[in-house]
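Quick notes on the structure that follows.
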Amino acid sequence: MKKHNFSAGPCILPKSVMEKAAQAVLNFDDGLSLLEISHRSKPFVDVMEKARSLALELLDLEGKGYKALFLQGGASTQFLMVALNMLEKRAGYLNTGTWSDKAIKEAQIYDDIYEVASSKSAGYNYIPKGYDIPEDYDYFHCTSNNTIFGTQIKEFPNSPIPMVCDMSSDIFSRQLDFSKFDIIYAGAQKNMGPAGATLVVVKEDVLGKVSRKIPSMMDYKVHINKGSMFNTPPVFAVYVSMLTMEWLKDLGGIKAIEEENEKKARLIYSEIDLNPLFKGYAVKEDRSIMNATFTLENENLKETFDAMWKEAGINGLNGHRSVGGYRASMYNALTLDSVKALVEVMSELERKA
Ligand code: PLP
């Protein structure tokens, strides 16, 4: 039985959330399923409002001029939506991985993009530092956690221009001063809920500054004015995201989960560093607390190791095809016990080899 899910996604959620979600599919409102009630009915409008307000509350952005939206099209749609809403002349992008690279390519369709720094030539195994952000650009874009390469920005720059951040793979996992950011977006499917909803948190006063016409579905202002209900929202994904945010709030919020996430990360990285059979992929100072990437020093041990972790009920440990090796994704819902189980297998391999 697969007991420990280290998969990079989609959708790693606490059991209690899964149970409530399953129940809502069967009976949400007086015998009707969440999937069949009108999205304009009070029970669902309440869900949407709760989800939007919980997102701002958890990020400590209430009353600070921000609006939270749950949109469709994944984080990938945000790559172009950010550009459509914000890009007038030129924007600066920090290129720290495949997803940053994709964000740059999409924005380039609309206007000029300048890479303020890139770690591409080093296989994205570190986060560039000490770069300048030109003051006369429209915005600066970065990716907080590089899901594929296992690097994470630890210190964000004090940007002189609006700062936009793709937080798809580490949203709600660590405390940050979220008011440093003007737009935050994150696909739901790692720390929030099923694929299909994307959280977008926008500081309203950065909008309305571009001269182009923006199609309604791509326009943040339209979605804000319609309470994130411009068209039919992804009701199930929003509901489950709301349940996960409630779970996180009850746990003690981001502060509490960050402590847990740090324990998990310390455990796996100390095994990677102490066990001579393994080698970390990312440079130590930029290691992600969400996705730990590592390789075997001796590829001949691959078959044995793979059989051992599978036998231990571990799922989803293979690295992304562009990096190879292994990736232990440790999203909020993964328990410390699961990391202990993996570390036990890694130590056992050392004893055997
Ligand atoms: N950004 C990051 C950091 C990601 O990890 C991913 C997917 O894993 C994406 C963007 C793309 O998200 P989506 O599949 O929701 O478009």
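Cβ coordinates are placed from backbone N, Cα and C, and glycine is handled just like the others.
Small disclaimer: the values here were computed from a predicted structure and weren't measured.
For 5-342, the entry in TrEMBL reads domain 'Aminotransferase class V'.
Under DSSP, R40 (L-glutamate binding site) is assigned to coil, being neither helix nor strand in the three-state scheme. Among the features that TrEMBL reports, L-glutamate binding site is placed at R40.
Reduced to three states, the DSSP call for A75 (pyridoxal 5'-phosphate binding site) is helix. Cβ environment of A75 (pyridoxal 5'-phosphate binding site): W99, D166, S168, Y185, A186, G187, T198 lie under 8 Å away, each six or more residues apart in the same chain. Feature annotation from TrEMBL assigns pyridoxal 5'-phosphate binding site to A75, S76, W99, T147, D166, Q189, N231, T232.
For K190, the entry in TrEMBL reads N6-(pyridoxal phosphate)lysine. In sequence order, A8, G9, P10, C11, I12, T147, S168, S169, D170, I171, M290, S329, Y331 are the residues of the chain that are 6 or more apart from K190 (N6-(pyridoxal phosphate)lysine) and have a CB within less than 8 Å of its CB.
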Checklist outcome for this item: Neighbouring CB atoms within 10 angstroms of the CB of N231 (pyridoxal 5'-phosphate binding site), all protein chains considered, total 12
Item to check | Cα distance (Å, whole number) from R40 (L-glutamate binding site) to S76 (pyridoxal 5'-phosphate binding site) | outcome: 27
Checklist entry - Do any of the binding-site residues A75, S76, W99, T147, D166, T232 touch ligand 1, in the sense that the CB is under 6 Å from one of its atoms? => result A75, S76, W99, T147, D166
Item to check | Three-class DSSP secondary structure - D166 (pyridoxal 5'-phosphate binding site) | outcome: strand
Checklist entry - What does DSSP say about W99 (pyridoxal 5'-phosphate binding site): helix, strand or coil? => result helix
